[in-house]
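A.B. asks: Okay, handing you the structure first.
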């Protein structure tokens, strides 16, 4: 399992490099943005987009993990369909994890072949990024020793969470108490592993490709965080954040007025707003917020699996909001139901099969969870 954790981190680093590369090559980036349609579209948005980077990152991670851990093949899932229709209306399919990605055969990289001649150099850069060997110089990660059979696990990938912010690329959004309301910094790579039988998240990696710019080169630099929550083992690259006397809760700008009003007396002036489900969960992980509340079923398994594993490693978690409120109203003082990642919803198709229906609460400290549930 330690090898798998290192592989997940390595995959996230390669993914972050591809995400930065696609933003840096502006002609390539602007051409290769596609609107999601049909069952793949998140109904919360009037327009829902994916980029070449989304598709390429997902397929590269699936290929690399499947090659190193054959037991995971067929159990590595992601947000995106593997078909990409570019801005010129041309469509390509991706070969997925079955064959090695390369310029001539890997669908997502071959997509770059439809570009005009002046962007072929960018296509070659993408091909080089796909084959790039990632060297992790992380002493703490290298020292992790764990034991769990990979064949017991499955993986959820969100190749670029907060894709709309990634497309927008804003760098001028000022943070409020460390939480950016929007912008490129909220675009993350999320890779989480869960137990196939129980659906419980056990490994999580969050990569921030656009954490900071190098002041000399002006190139973006990233960072990553990881967590393990398996059996009695709790390991994390971060320390548990200290709880605040008055909790800070982060919400979506689209959150209902009733939820804002219910949380107001609890939080006072500590309600914050941000883009991206993964980023809001990361704010809780980093101690910038104490909880993230979402009342709608507009997040999915791939959004929550990796952050959930890290939160569990820190002593927190993510509960299903509607289920937790039902339990409390029934007078049950036991632990409310946590999200699981192996059970698709029945009677729906496409992405909605994996929606976190009824909303969620991500929390770092159980007492803040109880305070939020009481307020709601």
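Cβ coordinates come from backbone N, Cα and C, glycine included.
Keep in mind it's a predicted model, so treat the numbers as computed, not measured.
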A.B. asks: For the record in TrEMBL, which of the ranges 53-80, 81-108, 109-136 is the region 'Disordered' one?
C.D. replies: 81-108
A.B. asks: In sequence order, which same-chain residues at least six apart have a C-beta under 8 angstroms from residue 161 (Mg(2+) binding site)?
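C.D. replies: Within the chain, residue 161 (Mg(2+) binding site) has Cβ neighbours under 8 Å at 187, 188, 189, 190, 276, 277, 278, 279, 303.
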A.B. asks: Once near-sequence residues are set aside, which residues in the chain of residue 160 (Mg(2+) binding site), 6 or more away, have Cβ atoms under 8 Å from its Cβ?
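C.D. replies: Those within reach of residue 160 (Mg(2+) binding site), by Cβ under 8 Å and sequence separation of 6 or more, are 19, 51, 53, 54, 57, 166, 187, 188, 189.
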A.B. asks: Work through the binding-site residues one by one (79, 158, 303) and point out the residue whose CB has the fewest other CB atoms within 10 angstroms.
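C.D. replies: Among the binding-site residues 79, 158, 303, the lowest count of other Cβ atoms within 10 Å belongs to 79.
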A.B. asks: Suppose the Mg(2+) site is 79, 158, 160, 161, 303. Which further residues of the same chain have a Cβ inside 8 angstroms of that site's Cβ centroid?
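C.D. replies: Sorted by sequence, the hits are 157, 159, 162, 163, 188, 189, 190, 277, 278, 302.
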